[in-house]
Amino acid sequence: MKIIRARTAGFCMGVSLALRKLDREVTENNAPIATLGPIIHNPQVMAHYEERGVRCLRDTAQVVPGQRVVIRAHGIPVAEETALKATGASVVDATCPKVKRAQLGIAEERGRGGTLLLFGEADHPEVRGLLSYAGEGAMVFGSLDELKGLPLRDDVAYFLAAQTTQDRAGFEDVVSWLRQRLGHDIPVLQTICDATRKRQQEAVDIARRVQAMVVVGGFDSGNTRRLADVARAQGVFTVHVETVDQLPVDELRKKSVIGLTAGASTPKSLIDAVQRFLESL
């Protein structure tokens, strides 16, 4: 069996940076360490840090005196960050720089009187954080069809942004439709991470050359789910797994060429394990 592994598979810059900050806290501090929410969307990574004594807090009410709290890579809402600092905890901001740039860009456009239209998953922590910088009137949509159902007004000065891990092609479709619907251009913040674009494009390129695609990453990871979506859209059998034991072995044994990629929060060890198993079939 031939395996074509994506060169872009695995940790992105933002994830690597966040985990380096957390590793430094664990190594250099005697104080109790916690993250506010999962630092990244990968349960195996979270289990690794839990074994090292890192707590994952649901909210700021769980902060204890003397604790050092690391803000997740996805960022947090403004009100939550204010509440966290008010606890007196030592705060370490591990927000991805690309997410931070999106937050500040949205705040700047809001300051000019703009109303945000956000292309993203409404229940995703990054999106909740981005919306908190947008003020009243902001609307979020997960697809072009959802956007078409929103009550857009001709007398409102909209601007557009996207979750950093959103689908680039879908975003371009949104821009085109809004131009037609509103009859003019609106400010468009280029908030989709370039690493996301490259990862998705490589997944598409590989999917067109193989008989099956395996995508490795957390089921809660939006960028991993979208990798599976763009691969599946090429008409190839695609499976999204977190670990090697979830692979549909009987189905994959029928294939001679399999593509392998992984989300931005998937550790190399998990990708390697899946590749070794596939090569053994």
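Heads up, the Cβ atoms here are built off N, Cα and C, so glycines get one too.
Computed from a predicted structure; not experimentally measured.
Straight from Swiss-Prot, the features:
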type: BINDING; residues: C12, C96, C193; note: [4Fe-4S] cluster binding site
type: BINDING; residues: H41, H74, H124, S221, N223, S265; note: dimethylallyl diphosphate binding site
type: BINDING; residues: H41, H74, H124, T164, S221, N223, S265; note: (2E)-4-hydroxy-3-methylbut-2-enyl diphosphate binding site
type: BINDING; residues: H41, H74, H124, S221, N223, S265; note: isopentenyl diphosphate binding site
type: ACT_SITE; residues: E126; note: active site, proton donor
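Shown on the structure are the features that Swiss-Prot records.
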residue: C12; record: [4Fe-4S] cluster binding site; Cβ neighbours (10 Å): 26
residue: H41; record: dimethylallyl diphosphate binding site; Cβ neighbours (10 Å): 28
residue: H74; record: dimethylallyl diphosphate binding site; Cβ neighbours (10 Å): 28
residue: C96; record: [4Fe-4S] cluster binding site; Cβ neighbours (10 Å): 25
residue: E126; record: active site, proton donor; Cβ neighbours (10 Å): 25
residue: T164; record: (2E)-4-hydroxy-3-methylbut-2-enyl diphosphate binding site; Cβ neighbours (10 Å): 27
residue: C193; record: [4Fe-4S] cluster binding site; Cβ neighbours (10 Å): 26
residue: S221; record: dimethylallyl diphosphate binding site; Cβ neighbours (10 Å): 24
residue: N223; record: dimethylallyl diphosphate binding site; Cβ neighbours (10 Å): 26
residue: S265; record: dimethylallyl diphosphate binding site; Cβ neighbours (10 Å): 30
Out of H74, H124, E126, S221, S265, give those recorded positions positioned within 10 angstroms of C193 ([4Fe-4S] cluster binding site), comparing C-alpha atoms, in sequence order. none
Report the residues of the chain - excluding H41, H74, H124, T164, S221, N223, S265 - with C-beta within 8 Å of the mean position of the site's C-beta atoms, for the recorded (2E)-4-hydroxy-3-methylbut-2-enyl diphosphate site, in sequence order. I40, A73, E126, T165, D220, G222, T224, G263, A264
Which of the recorded positions listed here (C12, C96, E126, T164) have a Cα atom within 10 Å of the Cα of N223 (dimethylallyl diphosphate binding site)? T164
Of the residues named as dimethylallyl diphosphate binders, H41, H74, H124, S221, N223, S265, how far apart in Å are the Cα atoms of the most distant pair? 15
Binding-site residues C12, H74, S221, S265 vs T164 ((2E)-4-hydroxy-3-methylbut-2-enyl diphosphate binding site), shortest C-alpha separation belongs to H74
For the residue listed as 'active site, proton donor': DSSP state (helix, strand, coil): helix
What does DSSP assign N223 (dimethylallyl diphosphate binding site), in three states? helix
What residues, ordered by sequence, lie under 8 A Cβ-to-Cβ from H124 (dimethylallyl diphosphate binding site) and sit at least six positions away in the same chain? H74, Q163, G222
